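Everything on this sheet refers to the single structure shown next.
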Amino acid sequence: MCAAGLAAAAAQSVYAFSARQLAGGEPVSLGSLRCKGLLIENVASLUGTTVRDYTQMNEPQRRLGPRGLVVLGFPCNHSGHQENAKNEEILNSLKYVRPGGGFEPNFMLFEKGEVNGAGAHTLFAFLREALPAPSDDATALMIDPKLITWSPVCRNDVAWNFEKFLVGPDGVPLRRYSRRFQTIDIEPDIEALLSQGPSCA
């Protein structure tokens, strides 16, 4: 196990973790989302796919939120330094630059943090240990080694912005998707998950 995963090794589900929303306030315990299907993505506001990916993240939250889906975004600057804004600047960047046009995320957006390396948020250390590679691209790696800005480097690292993790209502990670697998294409998996009903009584 990579050292970054040791802190999260004892966890059985994502409900063991918490994070602070971008808007501030007290940390949100993911345990408060028990019995929901979760779609977790690492995001960046200056990526070449920011417009597509952020707008696609709004769609499942809008359509499937009433049925029990919660979409969570975690800004990170690891991949190409494409989230170099401060926490207080990110929402304005999304609203006026990319995607722009007054865009506002309708999903939970958390404070900027790390998804790889020794400083990785324990949630992402847990997700990476539970699902070591994207299901659609088991060989996914950072394309350009010069862009690796964290240490230690592990085989299960998140390779780029907008990797996705689908988590069941029991808090157990089910599937990981690469940056190339669009959020909109995950909807059949989400629909199938939600149609099973809660399994976390």
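Cβ atoms are placed via backbone N, Cα and C, with glycine included.
Not measured: the values here are computed from a predicted model.
As given in Swiss-Prot:
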MOD_RES   Ser32  phosphoserine
ACT_SITE  Unk47  active site
SITE      Unk47  site 'Subject to oxidation and hydroselenide loss to dehydroalanine'
MOD_RES   Lys86  N6-acetyllysine
MOD_RES   Lys86  N6-succinyllysine
MOD_RES   Lys112  N6-succinyllysine
MOD_RES   Lys112  N6-acetyllysine
MOD_RES   Lys146  N6-acetyllysine
MOD_RES   Lys146  N6-succinyllysine
MOD_RES   Ser195  phosphoserine
MOD_RES   Ser199  phosphoserine
Entries of Ser32, Unk47, Lys112, Lys146, Ser195 which, being recorded positions, have CA atoms within 10 angstroms of Lys86 (N6-acetyllysine): Lys112
Protein Cβ atoms within 10 Å of Ser195 (phosphoserine), excluding its own: 8
Unk47 (active site), number of other Cβ atoms within 10 Å: 20
For the modified residues Lys86, Lys112, Lys146, the one whose C-beta sees the most other C-beta atoms within 10 angstroms: Lys112
